[in-house]
Amino acid sequence: MCGRTACSLGAELLRRACAYRDRRGRQRQPEWVREERYRPSYNKGPQSSSPVLLSRKHLQQDADSSERVLMDMRWGLVPSWFKENDPSKMQFKTSNCRSDTMLSKFSYKGPLLKGKRCVVLADGFYEWQQCGGGKQPYFIYFPQSKDDQAEGEDGDKERKGWRLLTMAGIFDCWEPPAGGEALYTYTIITVDASKDLSFIHHMPAILDGEEAIRKWLDFAEVPTQEAVKLIQPTENIVFHPVSTFVNSVRNDTPECLAPIELGAKKEVKATASSKMMLGWLKNSQEASPKKKENELPRWTSQFIHSPSPKKSSADILQQWLGKEGEPAAKKRKV
């Protein structure tokens, strides 16, 4: 499962990190919706808010479905049909949605068939491995490149910086029965863990690359049957052990994701790698007077192998897709 993430970039840097090309090939940056609600954090848990990408067409019916917006949503899906006035009264957890049941559980199937697909953004996520003396936390993220900028075709500079982890999610909009402001919430889809992460059993469904992100978000052009084929484990990730300091969600500093040496005391080490990561993360905040976005961490993953293979959920998805067709509501309006 995925129960803790980090997203430390300030609002403007996050927007730049999500640059994309629209249907006409134009370089774009998604606009923020309710930007003032976004709060960067090194330690986000369920019920907190996180930034997500979604198609503008969900908010504006006449918009091009390839256009994207950034929005801060609460982690833990509250289905639109929930009848209580207090969403905290839900009797089940919805922070994660397993891929092999997302098309059978009504809480997820409903919004998924309506095209309510989003991309959850993070620096990376945390997972814990059961050890003899307790649980060892790890920080898991995309491999990083040194390149911090590249010239666009029309002369614009595209931000490369830290490559954000892009996780497939489903969102919904709940309106209190007694009236009040609508609440946007999301769940992270999980899949069987890749070989190198087999000790965590399930991992987020990671969308690796711009084409995968485009297909997942563009619900008017890419039907559900095609989109769910993107939900697969990925091997393109790296990770390192971190201090148990991250165990408490109240701890929200760069030390949460600083690498440590296993076998030593579980405390932050002042190694060259630690200093590089801490320096980059601190400088990435908009409030910092210094912004060195090219100071990117370079780590060697400490891979952990498990002899017990697990059954993939791909067959279950394909079986469902063979039974149900795409509803008319999923087709693009003209």
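Every residue, even glycine, has its Cβ placed from backbone N, Cα and C.
According to TrEMBL, the feature compositional bias 'Basic and acidic residues' maps to 29-39.
Among the features that TrEMBL reports, compositional bias 'Polar residues' is placed at 299-311.
What TrEMBL records for 29-58 (among others) is region 'Disordered'. Within the same chain, residues 3-11, 14-16, 18-20, 64-76, 93, 95, 115-122, 126, 166, 169, 171, 186, 213, 217-220, 246, 249, 251-254, 256-257, 281, 285 sit at least 6 positions outside the region 'Disordered' (29-58) and bring their C-beta atoms closer than 8 Å to a C-beta of that stretch.
Residues annotated as region 'Disordered' in TrEMBL: 284-315 (among others).
Sorting each residue of the region 'Disordered' (29-58) by its DSSP state yields 6 helix, 14 strand, 10 coil.
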